[in-house]
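In TrEMBL this protein carries:
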| type | residues | note |
| --- | --- | --- |
| DOMAIN | 6-148 | domain 'Lactate/malate dehydrogenase N-terminal' |
| BINDING | 11, 12, 13, 14, 15, 16, 17, 105, 112, 129, 130, 131 | NAD(+) binding site |
| BINDING | 92, 98, 131, 162 | substrate binding site |
| DOMAIN | 156-321 | domain 'Lactate/malate dehydrogenase C-terminal' |
| ACT_SITE | 187 | active site, proton acceptor |
Ligand code: NAX
């Protein structure tokens, strides 16, 4: 019998949680041979709705789902966790300054980092989805000194997938023909989707598309502002696509990326590409042996350099702000 993997999901009663849990339980997160135990972590007001979701999970009779537990205490919720998906976060309220937002999230991700440190399994892998994702991941990491720093990551896979889809639309190619796009920097409006190393059907994407105006005026802003466009159209923020990206991120982290192609994830910088060491920034990454590696040796042109630097500068400002607030 294969041992089940404990997967803790915070914000389990929210809309991303609702789109995520069924896919985890069906085997899409870890693969068709890995049984899972779900640990749903909510705030007390969210517990009842989480119980409803748990009832529906039971009613799916998933063969791989070996248990569901619901918690409103992070220490209990993360005990024994092998994978933690930190989805629940404090959204920006009306009139909230950036400092207030960072502080409110520090009040969530600091204690969650401590709880992970106290009781998660030795192989714990953490993906932060809740915004501001990169800096929330940094706060959790700083509060978990006994967990290797590289186990804390933040999600830019949704941005990556959005960029793939936009490029496929422009070029008329299938998504499956596109390789090696990169999202650099912060999961925010400053993120930089880079097509200069991408290929479409084996040809350089920048040659296939060859339209600088589209790149600057359409592609980059469309990818960066897609979240707002979804809210405008749907009346609610991205949920199923965000859950899908979280599945992709953890699946590739655990099972590896396909030979010859990379993806994007926000991981702690080792100083590569001039990104200050320790910032949790999005890079071109591959995964082998259950660990992310930053793709090395890419030429970064002037156009890309300026945009990467701007997004990384924003990350450094966020880090300095949370340091100033005593959160890291
Ligand atoms: P919802 O408001 O639907 O759900 C959030 C849930 O989190 C609620 O049920 C709430 O009770 C719970 N929660 C709040 N604080 C908690 C805590 N301390 N412990 C446990 N649970 C807690 O939001 P949803 O649409 O699911 O979005 C969740 C987060 O994902 C937001 O921060 C959102 O900004 C972020 N997103 C991140 C994306 C990314 O690409 N990184 C894209 C999608 C999404 O916008």
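Here, residue 1 is simply the first one shown, and the rest follow in order.
In case you wondered, yes, glycine gets a Cβ from its N, Cα and C as well.
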Contacting binding-site residues, sequence order - 13, 92, 112, 162 vs ligand 1, Cβ under 6 Å: 13
Maximum Cα-Cα separation (Å), residues 92, 98, 131, 162 listed as binding substrate: 26
Alpha-carbon spacing, residue 98 (substrate binding site) to residue 11 (NAD(+) binding site), which is rounded to whole Å: 22
Rounded distance in angstrom between the Cα atoms of residue 131 (substrate binding site) and residue 187 (active site, proton acceptor): 8
Recorded positions listed as 92, 98, 162, 187, least Cβ neighbours within 10 Å: 98
Neighbour count (Cβ, 10 Å) for residue 15 (NAD(+) binding site): 16
Taking residues 11, 12, 13, 14, 15, 16, 17, 105, 112, 129, 130, 131, which bind NAD(+) in the record, the widest Cα spacing (Å, whole number): 20
Number of Cβ atoms other than its own within 10 Å, given for residue 13 (NAD(+) binding site): 24
Residues near residue 11 (NAD(+) binding site) in space but at least six apart in sequence (CB under 8 A): 17, 41, 42, 46, 86, 87, 88, 89, 130
Minimum Cα separation from residue 162 (substrate binding site), reported as the residue among recorded positions 13, 15, 112, 187 that achieves it: 187
Residue 92 (substrate binding site) and residue 13 (NAD(+) binding site), Cα-Cα, nearest whole angstrom: 19
Around the Cβ of residue 131 (substrate binding site), the count of other Cβ atoms that are within 10 Å: 20
Distance, residue 112 (NAD(+) binding site) to residue 92 (substrate binding site) (CA atoms, angstrom): 19
DSSP helix/strand/coil residue counts for the domain 'Lactate/malate dehydrogenase N-terminal' (6-148): 64 helix, 26 strand, 53 coil
